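Take a look at the structure below.
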Amino acid sequence: MEIEKSNNGGSNPSAGEEFKDMIKGVTKFLMMVIFLGTIMLWIMMPTLTYRTKWLPHLRIKFGTSTYFGATGTTLFMYMFPMMVVACLGCVYLHFKNRKSPHHIDRETKGGVWSKLRKPMLVKGPLGIVSVTEITFLAMFVALLLWCFITYLRNSFATITPKSAAAHDESLWQAKLESAALRLGLIGNICLAFLFLPVARGSSLLPAMGLTSESSIKYHIWLGHMVMALFTVHGLCYIIYWASMHEISQMIMWDTKGVSNLAGEIALAAGLVMWATTYPKIRRRFFEVFFYTHYLYIVFMLFFVLHVGISFSFIALPGFYIFLVDRFLRFLQSRENVRLLAARILPSDTMELTFSKNSKLVYSPTSIMFVNIPSISKLQWHPFTITSSSKLEPEKLSIVIKKEGKWSTKLHQRLSSSDQIDRLAVSVEGPYGPASADFLRHEALVMVCGGSGITPFISVIRDLIATSQKETCKIPKITLICAFKKSSEISMLDLVLPLSGLETELSSDINIKIEAFITRDNDAGDEAKAGKIKTLWFKPSLSDQSISSILGPNSWLWLGAILASSFLIFMIIIGIITRYYIYPIDHNTNKIYSLTSKTIIYILVISVSIMATCSAAMLWNKKKYGKVESKQVQNVDRPSPTSSPTSSWGYNSLREIESTPQESLVQRTNLHFGERPNLKKLLLDVEGSSVGVLVCGPKKMRQKVAEICSSGLAENLHFESISFSW
């Protein structure tokens, strides 16, 4: 009877699911309306209609208050709407995450949306870009061009030889100064979006179906635009001042208007960051790239001091959301987490297993940032989570490949003969998609190279857990993996967890693995004899299980933080302005120091964010701390020097009982000395909807994207997972 009920629920959504869909639809509609309204303001901003009709009316309505003064205009026009959108996004994601596992969102079923997500450009400076991404990029560039051309046309129309002579300028100098100003205005539009892709816990990205990792390329594009526009903006002003014999303007700090020196400091910080993003520098000297990016604090601080707080609110909403996310990550990273065990594979791969709060739920392909102070106190590195919160509710695992200096030091420490009782670790995350609707496909093909297999381990484990606990149909799984050496086959041992499975894989799981070893012609002695070393740690009682900093209802709490911190900010600023600034300045903006006013706003924003985030964290820690204390496991375990060898490469030499691992081995085909024929393997997969995921080298991702976009098979739906930034 229970099975019949579940099956009916899979095809006919319950009233509860329909209500959630309705709430999601309403919130997403409101988000879209408000966001499009903000875009409309940007479109109208350079026009004469906005300047002569809209702006005077808006200033009378919002800019004459004794509580906010002239700042109220941009505060309520740009800052307030985006905060509402972010809060609505939190509500949307809360209900989205509450859907049943067999319920498929209407927007993910396919059709036109699936075609728009197909790759359009495979090779080139932009990387692999879909039709949707190209469309939005073109629309954004069109917005920038529209604003710049309209600004110039309207400003140049007022510049005449007579007006230029009145300011002791030639015509070209007046036009150069006008163009320089407009370039800065266009840069502010790009800056408004710059920090949203790197706000890992933001509600805006997952509400649009994006993750922070997949959105890094948008941050890169926007970063290049911002720095290009601001650099030309600064150079034009330097040329203008030099031609006017006013080069001393470069060191001017006007406390009642624009501070040139502050702008130059901001630009210098931005140029240092921009220089380290050069691919060769970023890849060879990642630490330099990583550390110099902390100059964003200097960049934003002096940008606000340069233009003043009132104009900054046009570009500050994204940075405000980023600050909330950044401080929450800071609070989470202050605690050490409980590291239970480490496995070292023959392929120089390490699996770290942590204790996890059972209420922490994350989606497959999520990542987590890890810091190990004994190796480096400052470096944080992202790693893919390989475990499934459904299959292993109290454990979380990540896989680390020995490649750079940091991972090499970790491998040396874990491999040393000296016994390690404890390893202090701090984490940030997990971060990932709000949901992963793999069930919408009839078949799932995962193509990976080397350590690119790690995100797919979590996908497979999640589908296995779903097959054990739910009655929905599981897609056929094909894992195509390419390794350089036979010793790397041992990474397939990580596909299944050490515990949490039944005696055999469920018959509902139709999984096939095609493993290609490109440089070896057989398994080799190293792969046959390689031992898997396992270490068990004895964590300190002060170590915490990994948990969400805001508890199980994290999206609602994030919305509450955004709303309350912004409300507190407005209340405090309203009081300060009404009873301190207004009696001095009377809304003239000519008496009270603009620099002092800006610093007050920055301090109030910082205090509001820190206070609300800390209060929310302490509340959730107090509420769910008791649950976590009951999860403390007996960590006084032996530390064996090695465990059984890998299941691959020698299975024909031994007889073992039926286990999930052996069941997986039987479904694996090993191909030595050859590369996968991706075109044949992908086109041979049957099904009306085939999800194709790829994670690996750039050429592999491009090849798979080219096949999926070629039109040879309309049923292939491409998705790339890249961590090469």
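For all residues, glycine too, the Cβ spot is worked out from N, Cα and C.
Spatially close to HIS219 (heme binding site) yet at least six residues away along the chain are LEU194, PHE195, PRO197, VAL198, judged by Cβ distances under 8 angstroms. Under the three-state DSSP scheme, HIS219 (heme binding site) falls in the helix class. The heme binding site annotation in Swiss-Prot covers HIS219, HIS233, HIS293, HIS306.
What Swiss-Prot records for HIS381, PRO382, PHE383, THR384 is FAD binding site. For THR384 (FAD binding site), the count of additional Cβ atoms within 10 Å of its Cβ stands at 27 [all protein chains shown].
Taken from Swiss-Prot, the feature domain 'FAD-binding FR-type' covers 332-437.
Under the heading topological domain 'Cytoplasmic', Swiss-Prot lists 1-28 (among others).
The annotation topological domain 'Extracellular' is assigned in Swiss-Prot to 49-74 (among others). Among residues of the same chain six or more beyond the topological domain 'Extracellular' (49-74), those with a C-beta under 8 A of the stretch's C-beta atoms are 154, 309-314, 570, 573-575, 577-578, 581-582, 585, 587, 589, 601.
Residues or ranges marked as topological domain 'Cytoplasmic' by Swiss-Prot: 94-125 (among others).
According to Swiss-Prot, the feature topological domain 'Extracellular' maps to 150-217 (among others), an assignment based on experimental evidence. Along the topological domain 'Extracellular' (150-217), the predicted structure has mean pLDDT 89.
Swiss-Prot lists 242-291 (among others) with the feature topological domain 'Cytoplasmic'.
Summarising the annotation, Swiss-Prot assigns topological domain 'Extracellular' to 317-338 (among others) and lists experimental evidence as the type of evidence. Residue counts of the topological domain 'Extracellular' (317-338) by helix, strand and coil are 17 helix, 1 strand, 4 coil (DSSP-based).
Swiss-Prot lists 360-554 (among others) with the feature topological domain 'Cytoplasmic'.
Positions annotated as topological domain 'Extracellular' by Swiss-Prot: 578-597 (among others). Note: the topological domain 'Extracellular' (578-597) comprises 12 helix, 0 strand, 8 coil (DSSP; helix = H, G, I, strand = E, B).
According to Swiss-Prot, the topological domain 'Cytoplasmic' annotation covers 620-725 (among others), on the basis of experimental evidence.
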Distance from HIS293 (heme binding site) back to PHE383 (FAD binding site), taken between C-alpha atoms, in Å: 20
Residue among binding-site residues HIS233, HIS293, HIS306 with Cα closest to the Cα of HIS381 (FAD binding site): HIS293
For the topological domain 'Cytoplasmic' (242-291), the number of residues DSSP places in helix, strand and coil: 36 helix, 2 strand, 12 coil
Length of the line joining the Cα atoms of PRO382 (FAD binding site) and HIS293 (heme binding site), in Å: 16
Mapped DSSP class for HIS293 (heme binding site), helix or strand or coil: helix
